[in-house]
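Working notes, structure below.
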Amino acid sequence: MWNPNEEKAACGVGFIVNIKGESSNMLLRDAQKISERMEHRGGDGAGLLSSIPHTLFRKIIKESMNIDLPEPGKYATGILFLDKITANQVEEQFNLIANQNCLTIICWRTVPKNLSVIGENVHSQEPLMRQVFIKPNDQDSIDNEKFNRQLFILRKTSTHRLIKEGFRFYICSLSTKLIVYKGQFTSTQLWQYFDDLCDINYECYLAIVHTRFSTNTYPSWERAHPNRYLAHNGEINTLRGNLNLMRAREGVMRSKQFGNKLAELYPVVEANMSDSGSLDNVLEFLVNVGGRSLPEAIMTMVPEAWQNDKKMNAEKRSFYKWASCIMEPWDGPALLTFTDGRYIGAILDRNGLRPARYYQTNNDNVIMASEVGVIDVPNSMIIVKQRLEPGRMLLIDTQLKKIVNDDEIKLNIAHNSPCKERLKELFTIEDLRLAMTSVDMDIKDDSFTYQPVLMEMESRSRDVVKGRAKVLEDRRLAIYSYTTETINMLLLPMVKNQKESLGSMGNDEPLACLSLCQPLIYSYFKQLFAQVTNPPIDPFREKIVISLALIKHTQYKGWRTKIIDCVFPIQDGRQGLTKRLDQIRNEACKAAIDGYTVIVLSDQLAGPKHVPISILLALGATHHYLIEKRQRLKVALILETGEAREVHHMCVLLGYGADAICPYLVFETVASLREEGIIDLSDSDAYQNYCLAMESGIAKVMAKMGISTLHSYKGAQIFEAIGLGNDVIELCFKDTASRIGGIDLNVLADEALERHSIAFNKKYFIDQLTLRNPGFYHWRSGGEKHINDPMAIANLQEAVTTNSRTAYRKFVEVTRTVVKDCTLRGQLELVYATNAIPLNMVEDAASIVKRFCTGAMSFGSISYETHTTLAIAMNRMGGKSNTGEGGEDSDRWIVKDPNQNKRSAIKQVASGRFGVTAAYVANADELQIKMAQGAKPGEGGELPGHKVSVEIAKTRHSIPGVGLISPPPHHDIYSIEDLSELIYDLKCSNPNARISVKLVSEVGVGIVASGVAKGKAEHITISGHDGGTGASSWTGIKNAGLPWELGITETHQVLVANNLRSRVVLQCDGQIRTASDVIIAALLGADEFGFSTAPLISIGCVMMRKCHLNTCPVGIATQDPELRKKFKGTPEHVINYFFLLAEEIREEMAKLGIEKFQDLIGRTELLKFAPNSKNPKAQTLDYTSILCNALSLRPNASIVGGSVKQDFELEKRLDNELIERSKQIINGNHSEPLHLNFTITNKDRAFGATLNYHIARQFGEDGLPKNLIFIKLVGTAGQSFCLFLTKGVVIELEGECNDYVGKGLSGGEVIIYPPKDLPETFKSENNVIIGNVCLYGATSGQAFIRGIAGERFCVRNSGAIAVVEGVGDHGCEYMTGGIVVILGLTGRNFAAGMKMVDLVSLIDLEEIDKLAKLIKEFCTKTGSNIGETILNNWKTELKKFVKVFPHEYQRVLKDKTLKMPSTPTVDIEDSIPNLDKLDKVHGFMKYKRIKTYYKKVDDRLNDWGEVYDFKTIRDNVRIQASRCMECGVPFCQSSYGCPLGNIIPRWNDLIFQNDWYEALRQLLQTNNFPEFTGRVCPAPCEGACTLGINESPVAIKTIEISIIEHAFEQGWIRPCPPKNRTNRKVAVIGSGPAGLACADQLNKVGHNITVYERHDRIGGLLQYGIPSMKLSKQIVQRRIDLMTNEGIIFKTNVNVGQDINGSQLLEQYDAICLTTGATWPRDLRIPGREAQGIHFAGTYLKTSQQKLWENSNVDQFPISAKDKNVIVIGGGDTGCDCIGTAIRQGANNVVAFEILPQPTNEREKDNPWPQWPRIYRIDYGHEEANLKWKKDPRIYEISTKEFVINENGHVMAINTIRVKWEKDENGGWVMKEIPSTEEVFKADLVLLAMGFLGPESAIIDQLKLTKDSRSNIWTKPGTYRTSIDRIYSAGDCHRGQSLVVHAINEGRQAAREIDADFTEQKRISGLPGPGGQIPYPPPYEII
């Protein structure tokens, strides 16, 4: 996993220059001080770039070689790094190349050095350093420019040639003016190592110093800085794109001076360069070959933010516009210092993300560095103290002997450039439009005509298709993998709301390389993001998106457009893809050579005969081929695609080189939705909204990587691929990381063909009524796999609530299956020991659970109850809970009862995070710096105002009702050294806490982690991409970050290789569930384990994925007080889970032969690659790098995490003296204040932080009772001065400060003013006194600062008061409280992040008085002149003040009585809501379930018609639908709910939207007969409804029945016989629900179906087993007639097995399916059973129904209950039907016996949701009996002992006895009779309703079929195939007595199996499987 070339670095950088160019040794010594005083910023490399010390070299060369060097400028010199062994060879070749370039080597010199200062490791890598001196051959006549060109050619050609030959060869510099000394050592060692630097004759006039902090302990000597022209502190985030485009430019560049030699200089960027080295290569090239001055070259490469700066000078703006055409920005957070010997300067990136401060002194020196205080300059010498501003340049011209103002130099460059002329070549879309008009071409570019590609459906006519369904029939949607989720969850929110929709609870679907649902290739790419940078960005323009028609046909300026079709013929099969890709790239290359200007890659020809090639594949192959052939910059690549539609898609296309994208299918689909009334917007508004949403989405993704412009992002390839093979990468995505190999082009071709088949293969459309929706976002039955499977959730909740190992094992079984389907770790298996060890030898569970912690979930994202439950549980176990970034109420730190300890051990911090105070930090066992998170790495979060309750506002130190936006995690962390500083800050703020850094897995995370470990973190968390519980855009959730398996592996390997592993404890988190997950993580290197989702599930979370809506129905992720009441979780549930898990881990450890958990860590030999045998894609992966044992990289390294303590050198802190002298006050003696005086330097960092810790530990949030500690300081303070300064401490500084002053200010007071002995000309209001990011995250206290503050002042201030004389850019961002008074300039982007603000004058007298007092106090404490001036001219100056007043704050002030909204439920029978204004989001809270859907009881007693009140049902159906919450994991369609997998949430939503037609299609996709199930099914879906956990469930049946009956009324249900018949014949035996479903499905395929029924009417159970008042027989007949008209043959009165021999039938048919039902009734064999009047319930109901069919006298039933005492023995639906039937026949009395206890009204503990609720129910028959006889007819716990017979042999009574149920010693239930409870019941008619034992055996015996143990027909496991070939079985005769939905499902799936078997070898059917989905693989064949 570890690639040493991925090294990252951060640095301290500085320079000193004499403006007049006067050399001195003193300047060198000052450079040395700068370098040494920034040592805390580096340590892995240091260097010096200075003017050539000619005096020194002349002396040395003369003395040692007796050679006189030429005059300065007439010779060049440089130091070369060579290998000792090959040095002579290299020097010979170098001499030769020099001669070839008309240069003469004067001499060589070995650079003298002191080896004693470097260590052994460094010495082993040390190069031989040789200094060369060179002169031109024609020294007298040559000019400097030509000499420099020759030197450049020598450097480039020798580098290319010698490195290619395998030599170690690196030229540090080769110049007539400059020399570089550098190497792999600290900044102190630099000055001791090189003897030259100690020589007093070393005189220079400029020097750049650099100290490097590398993430790698083996950084190469070559990579140390400075480079040849620059020293760089930062990162170039766009590097890959910059390099690609630089290579592409090599094809179009020309040079008069270099001529043919130009090609010898390529590649411009040499191999294996770091980002800094690459930058230096290009800068060097622009200066030497491009002829640009150094400042112009810098301006070109690192432009300021010019696009949106309306105030910028027009000429300068033109230059930048022109420069952007020449070169894209090298973008990223950077401070560049540069020099060519004449100029020296520095520039900051456009966002100012690096610190840079400078002085000008009166001795003509300019000193610039990352910090102030690096040189001791007498105050009297200071002229200016300033900072470098974002995008600005500091430039000193030693030739003109002046500091050149930023505007002056840039305007001068702009004025002298040819940009005005060149810009005339630029064009706009308007230019194209005018050009098209002039040639009179009729082309529109602002609209899209909807041109759907349709299939002729055999099963239905298009003329009935309407509305949304009509749109979804466009087959292009299917071919490009659109799903209903794509449209509803992604496109429609973008079109309607101008932004992406949000999701929550992470990503649990399979990685694309494991998905069998044909994911688009974009899904294989994961967005990379900067874990140490995150600047704001510029938006891009969307206009090009909708103007493609113009470009395709343009003739503007003679341009030509080449359109290349990206499709291949279907008949070419899988080979068509590779063949066509090769053709496409060759066509494109030829077009470029032939002079075409624009190439359009188009997939519009995709259709039945052509398979589209992924536009990304076509683009990647073309883009890279054109780069390789150096043709890329000659043409624009524009995409016309139906495939791309999501933000991620656009990002990947842009990242791989697209110039413009036309997503035509999006616009056509939107247009068609508008036509059908789904969208109420004009086309132009809809398009604009989509583009705005896309713009903001792409902007977010770019910002994550710290990229500011689209120009830089384009082609930057900032992605890692997971699961793409090398052939794909090499052809299309060159240089993209794909570390585990994966699928090749053939598999991609197969998936393209499969998608094509799904769109156009008629087999697929046999029964596909809807657009496919496998459930990529939300779990769907039969669809894509998800880790959060409903079975897993249910089993885990049962396990933890009952502490059941059995349920836990079921959870593990399900989870391991889905983990294998979804994850990389699922492809690994443990290698068990030959001999397991006894379990009692394994480390105990109580020890193992201490390695567990819960994830960082903030109070705010989850409820208080949830947050504290997790904390209590983890504290009891000895694990740790994490506050998340929402702070923690101080009340929770007071532990009264250890068993109820609510204090979170881990406090999350990112400085400006909510509620981070001195006391919060002091009350932590671990402080976690959140660099990134799994759900939304690189993004900040947002808590909307409606969720900011009083409690949350208190905890977060903010204002109730004011929304809280997290700044991205990196507002104060721009680099590794900044992170290192924060680690140090936190350690100082709580010396007893472990300091942790949270990173997210991505390529290179190990390198970052290495830097973090070297930055002295003690703990590192690696989060997987799939974790995260918070809300985020779906783009972030789905596409950012990588699996933790890669991250933890890489991190462990890198840390071991760098011998850092023992310094840190390594934690892993992300969807960890079972022992397998934990152990695999440990074997890959993890010490500890984080859990978020599993503990939440344990306490009730059901994965609703509605966290962001504040509507969590179980009270977990909500702040709604009503919903919070529903929280039922307990700490015991969490503890049970973790101990069940720990015991499972112990069992696995025993099998592995491991006693101690520590012995698992890093043991990759205990793992083997075992890919999922059912997944061909999994078998293409390569786990070699994952399974590499880290110890093979460094065999003797210690890997015991945390065994080596990090040394923070806290004993050296100035705070120690401070604390010692403050002891009395800290210990509570407050009688006397304390006054202290100190001198401070820039090395005194985090001053005051440890003092604050002791005060906060003692006095909590309140701090000291008054100001008691007064500290006066003089000097320059180090970083983080007054960090978390607490109440009662006042610190006054006379001097200046670096970054982070007063960060997290917690009640203390900070006073800063300049030294009093500065010259009078020094004006504090014009000079910078403190650095960047000051008062970040301040919560209270005061700061008085005389002078200007740097960038990002008071960001996230929520309560501090500050007065300052000016601030830099981005001041007061995200501020939510406090007051900031700025008496000067505010910089750009002020008050951003507050949403909207008003700028108002001060008129409130109280406010004016407060302001005056503040300024007066400021003047008193700082001596501010500007403040005094304002006060002295108060009336005039007051008018200049502007109050910045956020809208949200104004709103809250108007509503002081802000309360959280609660939504009371409404009884819908009492108040029918307005159907036009139904609230779907809160419907489950607002509306109650319909009370009943039956008619009034007294109206139906004697009515044989249906009992349902269809009017009430229909009136309420949309209200009921609005109660459905559209769960993320819909249990209603899981195996606990609907066996058919009915798409219930979808059709509920459609009914809510009044879209009945599409709802019908969704319903019929899974259910052949909803008119039956909607009437007679007991609705397990409702039993599993999530709402049913604590409310009445959604009335699903009423919605189902309404949809189908409405469809019949509308005429939408009509016969659709297949147009073509196969030659296959199938006999279905039995016409119950299973038989009918099987017949219906097989008939759709075109098979010839005959259904045999032994009774006189078709329908089986439906006809005779269910009474007509429950299911009208007209309804059954309606369906039979429909099926008859569709061609199914029904034969009645045929008893197969008796009337027809089964074997003969098999000869006549190709297949037989037995669906005879379970009709063998259970009997009651007790005395008296022979009596007349005792009947089976089935017989009774059948005869009743037959009589009703005859329409004869209904009083003469064959078995009549009229005037009789009826006893029904047994319950259930059949028992109820018997009661209802007997009542209608006129029974005298009806009693029902049930042997089991009466169920409770609520679920018992052993019957948890979502199991079928075994509760007391009253159905229609019970209601009727209750009305008639005033009591429930059921008697529970009664046993029938004997039937009493009268003299006529007829039953007359029943003897009974009462029973009770008790548990035996094994936990099983035993029935016991209760003595003396005998009772006799009169009985004239006894009905036995005790269920069925199985099918009747005649046909089974005749066919010699095998039976199972329950006497059902045996089938092969997991199939419907019986023991006899071609005979199948389904329904109750196969599975036993069950529900009608089970029967229909069995019939459907048996039909699918029969159809598949007819296809012989392939065994693939086009009929849908569970959930209406066609399982993998779909049918595909050449069309």
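Note that Cβ sites are derived from N, Cα and C of the backbone, with glycine treated the same way.
All annotation found in TrEMBL is predicted automatically rather than curated by experts.
Features reported for this protein in TrEMBL:
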ACT_SITE  CYS11  active site, for GATase activity
BINDING   CYS1101, CYS1107, CYS1112  [3Fe-4S] cluster binding site
DOMAIN    11-399  domain 'Glutamine amidotransferase type-2'
DOMAIN    1515-1548  domain '4Fe-4S ferredoxin-type'
Packing count at CYS11 (active site, for GATase activity) (other Cβ atoms within 10 Å of its Cβ):
27
Tertiary contacts of the domain '4Fe-4S ferredoxin-type' (1515-1548) (same chain, 6+ residues out, Cβ under 8 Å):
484, 505, 770, 773, 777-782, 786, 788-791, 793-794, 1102-1106, 1111, 1113, 1468, 1472-1473, 1475, 1478-1480, 1483-1484, 1487, 1489-1490, 1554, 1559-1560, 1562-1563, 1565-1567, 1573, 1580-1587, 1594-1596, 1598-1600, 1602-1603, 1810-1812, 1939, 1941-1942, 1944-1945, 1948, 1970-1973
What is the three-state DSSP composition of the domain '4Fe-4S ferredoxin-type' (1515-1548), stated as helix, strand and coil residue counts?
16 helix, 0 strand, 18 coil
Cβ atoms near CYS1107 ([3Fe-4S] cluster binding site) (within 10 Å, other residues, all chains):
25
Compute the C-alpha separation of the residue listed as 'active site, for GATase activity' from CYS1107 ([3Fe-4S] cluster binding site), stating it in Å without decimals.
41
Mean of pLDDT values spanning the domain 'Glutamine amidotransferase type-2' (11-399):
90
